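Copied over from Swiss-Prot:
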type	residues	note
DOMAIN	31-163	domain 'MARVEL 1'
DOMAIN	168-319	domain 'MARVEL 2'
MOD_RES	Ser22	phosphoserine
REGION	1-25	region 'Disordered'
TRANSMEM	41-61	transmembrane segment
TRANSMEM	70-90	transmembrane segment
TRANSMEM	101-121	transmembrane segment
TRANSMEM	137-157	transmembrane segment
TRANSMEM	171-191	transmembrane segment
TRANSMEM	203-223	transmembrane segment
TRANSMEM	239-259	transmembrane segment
TRANSMEM	294-314	transmembrane segment
Amino acid sequence: MPVTVTRTTITTTTTSSSGQGSPTIVGSPRALTQPLGLLRLLQLVSTCVAFSLVASVGAWTGPMGNWSMFTWCFCFSVTLIILIVELCGLQARFPLSWRNFPITFACYAALFCLSASIIYPTTYVQFLSHGRSRDHAIAATFFSCIACVAYATEVAWTRARPGEITGYMATVPGLLKVLETFVACIIFAFISDTYLYQHQPALEWCVAVYAICFILAAIAILLNLGECTNVLPIPFPSFLSGLALLSVLLYATALVLWPLYQFDEKYGGQPRRSRDVSCSRSHAYYVCGWDRRLAVAILTAINLLAYVADLVHSAHLVFVKV
């Protein structure tokens, strides 16, 4: 039967009585000499160099520096685990679905490193005085960019192609789930100060929208990583379609309400950045209130587009049990 190039087949696992639902995957030390293995070695080295440069001079004070250091250390650690698993052929014993885990992590790592490559130089490095610490911080940013490109390349290499039988997380909707949850986490970071939304019920609704959609998308990811999609009381494809549709509707309301109540004077908003006293001067390691409001508005629009794309692409998936 010819392959239908407009559709991608997704494998889902039906857990047997013995608890073994996924096929055995055998690794080989030779995997490290293959293009993907060499790419992961580049990821390992670049993240290691990034956090080593920063740690050697202590250039990671404050929340932005801490975030960047966490990003590089986390990506290095998980990449090392993936390489060890493949080197020792332990994929079958790995607690999560090996069909879904590596590409899920690669997508998250690309986004993490991208955020660190932007946040670290703009909110931390520019405030460092010229000298050894600044030079190390700039070099760390460079290696962070290399890591970002390396992880993004892995995603491009291993994502599902039309007509291919693969895990859900390798498909466009699966990768969009990663983007949706990551963007939601960034939104939560920007609204960590409750004064940004507690004065208006409409803004509190927006925060509830971000939380609800994040939880549902995270559940979808965890169900795939744990290969337990069959525990849902409804078919998994129906759950995904309902999740995408609900998220589109909820985010549409947030996209209207958040800018309206944050930037329109009629609803108590601040239309001009100059009126926000916290933005009157530059602060190291700090993003002022008006900039946070604007960032959340932009991220809300990005996530709405992601959910719309998720809804559209989900219609082109075919699920089969293995």
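Note that Cβ sites are derived from N, Cα and C of the backbone, with glycine treated the same way.
These figures come from a predicted structure and were not determined experimentally.
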Beyond the flanks of the transmembrane segment (294-314) by at least 6 residues, Cβ under 8 Å: 171-173, 176-177, 179-180, 183-184, 186-187, 190-191, 196, 206, 210, 213, 237, 240-241, 244-245, 247-248, 251-252, 254-255, 258-259, 262-263, 287
Other parts of the chain folded back onto the transmembrane segment (203-223), taken as Cβ under 8 Å at six or more residues beyond its ends: 104, 169, 174, 177-178, 180-181, 184-185, 187-188, 191, 196-197, 229, 231-232, 236, 239-240, 243, 246-247, 250-251, 253-254, 257-258, 261-262, 300, 303, 307
For the domain 'MARVEL 1' (31-163), the mean pLDDT of the predicted model: 90
